[in-house]
Amino acid sequence: MLSRLSLLSNSRAFQQARWRIYRLKVSPTVHASQYHILSGRKLAQSIREKANDEIQAIKLKHPNFKPTLKIIQVGARPDSSTYVRMKLKASKDSNVDCIIEKLPAEITEVELLKKISDINDDDSIHGLLIQLPLPRHLDETTITNAVDFKKDVDGFHRYNAGELAKKGGKPYFIPCTPYGCMKLLEEAHVKLDGKNAVVLGRSSIVGNPIASLLKNANATVTVCHSHTRNIAEVVSQADIVIAACGIPQYVKSDWIKEGAVVIDVGINYVPDISKKSGQKLVGDVDFDSVKEKTSYITPVPGGVGPMTVAMLVSNVLLAAKRQFVESEKLPVIKPLPLHLESPVPSDIDISRAQSPKHIKQVAEELGIHSHELELYGHYKAKISPNIFKRLESRENGKYVLVAGITPTPLGEGKSTTTMGLVQALSAHLGKPSIANVRQPSLGPTLGVKGGAAGGGYAQVIPMDEFNLHLTGDIHAISAANNLLAAAIDTRMFHEATQKNDSTFYKRLVPRKKGIRKFTPSMQRRLKRLDIEKEDPDALTPEEVKRFARLNINPDTITIRRVVDINDRMLRQITIGEAATEKGFTRTTGFDITVASELMAILALSKSLHEMKERIGRMVIGADYDNKPVTVEDIGCTGALTALLRDAIKPNLMQTLEGTPVMVHAGPFANISIGASSVIADLMALKLVGSEKNPLNDKNIHEPGYVVTEAGFDFAMGGERFFDIKCRSSGLVPDAVVLVATVRALKSHGGAPNVKPGQSLPKEYTEENIDFVAKGVSNLVKQIENIKTFGIPVVVAINRFETDSQAEIEVIKKAALNAGASHAVTSNHWMEGGKGAVELAHAVVDATKEPKNFNFLYDVNSSIEDKLTSIVQKMYGGAKIEVSPEAQKKIDTYKKQGFGNLPICIAKTQYSLSHDPSLKGVPRGFTFPIRDVRASIGAGYLYALAAEIQTIPGLSTYAGYMAVEVDDDGEIEGLF
């Protein structure tokens, strides 16, 4: 600030302006000297000490509280350096961190603006000051307005200046020098209400801001400038004079009213041969002649100058406190209104009838900063994992898992219930909530399943964008997986066609510009082989062979190529048929992309670093000595991570009622966890979480809710969620919502089978209490399964129009008798969040209940024991029967050190058993284990009870046949 005043005083235009001065002829009077010196030094010291004390007090409760000022100095002007040192000293005296960044005078405006933008995005910096003057090639207005107005501790941003000038305006910051002047007046107990105040000077730095402050204090303000006539006469009427014109000793004694208050802002250097420097510092007021007529007067130096720096420190502290308060606030979700229709229109019509919020608004309501958001159009965005650093001190919100009973082929509405529940919590109960769901695969969307966005008035919007491509994460998985597959086959080809170890090694580690270097992945392989050499030319022939030859056994390769389309013709293919491949053919096949182990790794990784580590650990097969070969051995870890660098960032969308949804990852539920990502859950829980008060260890406010879902029924998806996902995340749900339907329970009670694409038998559309009463056994078993993990259960009866109240009462009674905390009916499909309010209240209550969580099995027990635990405790079976092929693989995994991993069992989702025809709760069956495979990077083994197709096919009439696009680009017929 002082540098700006120096500029003002040295302004040639200002100095040479012709001021019309008409001095008053007044008779000399006798005046007893009663003036008081308003010392800025003393008050500034007091302000710095108070700031120091306040910061220390806050740090006792919140150790991470650290007000920080960043000063950018462009060039090396001596006067600027002096002022910067003054600000640094004042900051240190006040316990404010001050970071000074000196930039070269020749920096371009583009470079400086980028630097400012980066600091704006840095949450550890609370105040940003650009030291003026800047070199002439830099536009000061552009530069100062580039500073985030919430960090503009100088108060120069157009927002702060404009708000200060408005009546009732609310600037974030007041410019430091005017602010200091007001503090001096306040210290002297000068009453401003109704007083005449004259401001000499109209600069945007001092004159205009101080005039606004005086007006806001109800003073009558006159601003004088170089064109003001009769200036002495105007000043002589003033009760308060603010001199900020930049002319040395300009204001004379005969201008001043007896008893006036004079604040001298001027900083001017005039010749003085008695001084070592040859000049002395004076103000705009002729202090010696004026002081005798004043009641209060500020000296120069020692008046306003120290206050400028003190108020800068005060503004930085204010900025830090504001940010701290903002960080503690619970997100406020502003819901979109729903206009319900009956009968309920199609899902796509409902989606298109709603006008979504811009995704930036959804993010802002959640407290996500703009630099933490990457926009993909108007309604989709990615969230940067860097947000964790800002939110690390927050306690997690409440964590709710939505699971289901054993379903019919039509599905029982878990996703719809998830959306309805968060709409009810956020839009109707005022509790900020986030739905976390999987990203749907294109294959089923264009095949027979249709979309996966929920349905009716409880869905993700825009649903066509949700179901088609989204932000390209699945395509990134495809590219990474197929690069790995190509690298494996190519490595085998090159090893087979280059018999000479030395020649092969030279091509594997080539010279570039005459220098041979190991890549980072090669260095890691050398370390695993205990070859501690950095010079490629230093390896012995034996070491060269060990390093270069992977000797992959093609019969053991587990990596297949992937595509995100249902294409049955790719289930088995032969590669290498071209003449260029020299007869090296191999039978392999394609999987659907979401079946790739990379998708499971994406879902289970907590960070980019962990994802890279998991990718490197992926076992792609074995060598001829039956030793595992990893992605790290292939040298693909870095490249695969690079392809998935953006995919690790969760996607943000919204529900029909404008409540936030995170869409991330989508591992194949048949052979994987079938749940959305760990990183999305961790992020969402922080966003709706609460800060704790260190004094009483209580939350400052009630936390919000994160609602996610598990694939298939609880016995499959729920068990995997707890035993695999929760082991990876370290999280445990506070409650489980178990979705049940009258339709599914009738199916388990003996009603005819339900088939997709066919009309429901009349047993499902007419009341039949007997079927329901028999079928609730499946519901009871699933409740028992959940209670095995020690988590409270809420049963949500997803109501259909044909359900009778008597049927629903049978379900409620059975659920409560089985140990559910609540059993409620939910009508969210027809009514959106309004129809799930009772469910939302039940969930809130359930999350407050105590939980006694435990895993189903000890991972250090044998593979066979873990399989038996799942079959007996979750499915109700008697024992397992392991095929010879499966047993051979189990023995191999044990020898390779993979026996202590959790287990995922791939089986039918239509029965608790392995046989889809066995409804209800079958007992005493022997569960077959036909094969066991390993996803070492993802961190689990998976056993197959039946032949699982890892790439679906298309039916005679497939979903894609109805899809059209009109001339406006609107997609029709997809849903």
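Heads up, the Cβ atoms here are built off N, Cα and C, so glycines get one too.
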Field: Same NADP(+) site per Swiss-Prot - residue from SER226, SER236 joining GLY201, ARG202, SER203
entry: SER226
Message: If I take the alpha carbons of GLN131 (substrate binding site) and THR408 (ATP binding site), what is the distance between them in whole Å?
response: 69
Field: Candidates TYR83, SER226, GLY305 (binding-site residues) - the one closest to GLU412 (ATP binding site) by CA
entry: TYR83
Field: Max CA-CA distance, Å, over listed substrate-binding residues TYR83, VAL84, ARG85, MET86, LYS87, ILE130, GLN131, LEU132, PRO301, GLY302, GLY303, VAL304, GLY305
entry: 24
Query: What subset of the binding-site residues ARG85, GLY305, THR408, PRO409 lies within 10 angstroms of ARG202 (NADP(+) binding site) at the C-alpha level?
result: none
- line: Minimal Cβ count within 10 Å, across the binding-site residues SER203, SER226, THR408, SER415, points to SER226
Message: Looking at the binding-site residues listed here (SER203, SER226, LYS414, SER415), whose Cα lies nearest to that of PRO301 (substrate binding site)?
response: SER203
Query: Using the Cβ centroid of THR408, PRO409, LEU410, GLY411, GLU412, GLY413, LYS414, SER415 as the reference point for the ATP site, which residues of the same chain not in that list have Cβ within 8 Å?
result: GLY404, PRO407, THR741, ALA744
Message: Limited to the region 'Formyltetrahydrofolate synthetase' (344-975), I'd like the whole-number average of pLDDT.
response: 95
Field: DSSP state at PRO409 (ATP binding site), helix/strand/coil
entry: coil
Message: Using the alpha carbons only, what distance in Å do you get between ARG85 (substrate binding site) and SER203 (NADP(+) binding site) once rounded?
response: 25
